[in-house]
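These come from TrEMBL:
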type: BINDING; residues: Glu103, His106, Lys219, Asn223, Arg225, Gln237, His252; note: chlorophyll a 1 binding site
type: BINDING; residues: Arg108, Leu188; note: chlorophyll b binding site
type: BINDING; residues: Glu220; note: chlorophyll a 4 binding site
Amino acid sequence: MAIAMGRALLLHPCSASSSSTLSFTSRNTHNPYSSLAADTLWSAAKTGPRHPLTVAQAQPRPTWLPGLDPPPYLDGSLPGDYGFDPLGLGEDPDSLKWYVQAELVHARFSMLGVAGILFTDLLRVTGIKNLPVWYEAGAVKFDFASTRTLLFVQLLWMGYAETRRYMDFVSPGSQAKEGSFFGLEAALEGLEPGYPGGPLLNPLGLAKDVKSAGAWKQKEIKNGRLAMVAMLGFFVQAAVTHKGPIDNLVEHLSNPFHNTIIHTLSN
């Protein structure tokens, strides 16, 4: 009984008082241990339990829309997974693997495209180099090769690279076998589909162990998604203003309250 009453007093220490303890002992004079039990329990109630109960609450998983439950097939194991799939494209596991690779490739092309457009546009606007605006660069004739030759070379090399990437996706590690890439297999390593690594594509060695490179994968896909949005903005700017991004930035900074996207679209 003393143990049971002790649990009750420990669970509700604030409800105990000296008067209640006295009444407790006076009502239990038939038990020779009641007074000792009451004194002991009252002391324990004042000092509190030696090992307080600690409740740990799991942090909610971050999602693209706060409070939204992500779909079950997006469990957070993928880099940059915030549960965004409104069209349900990743419900099929095989399709999800392909879409992950497709997003990764588009993200890398977008990052290269944004960097190239901004760099060449900056050279053009500052007058350092006489270059065409980025959306007219494809119509420029080069002296060292004809347009047909450049197109053929691009299709040849890009087709070869994309074919090998697809083969590595279908059969992971197959493109890292000896003699499969002109003897450059050691420079690519082919640790994981989409992440060939090696000194050729990872010269700084930032993610030598691809299995533990989650933070770098996260940064890459985040920057890649930002670059894809930036490329979409470049397309819209070129169609609406017929100018490059640096020209639009300079024009906006010259009059920030008037030269805005709202005024541009309204005109």
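Note that Cβ sites are derived from N, Cα and C of the backbone, with glycine treated the same way.
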For chlorophyll a 1, with binders Glu103, His106, Lys219, Asn223, Arg225, Gln237, His252, what's the maximum Cα separation in whole Å? 32
Using the structure shown, find which entry in Glu103, Glu220 (the binding-site residues) has the sparsest Cβ neighbourhood within 10 Å. Glu103
Neighbouring binding-site residues, C-alpha within 10 angstroms of Arg108 (chlorophyll b binding site) - of Lys219, Gln237, His252: none
Please identify, from the binding-site residues Asn223, Gln237, the residue with the sparsest Cβ neighbourhood, meaning fewest other Cβ atoms within 10 angstroms. Asn223
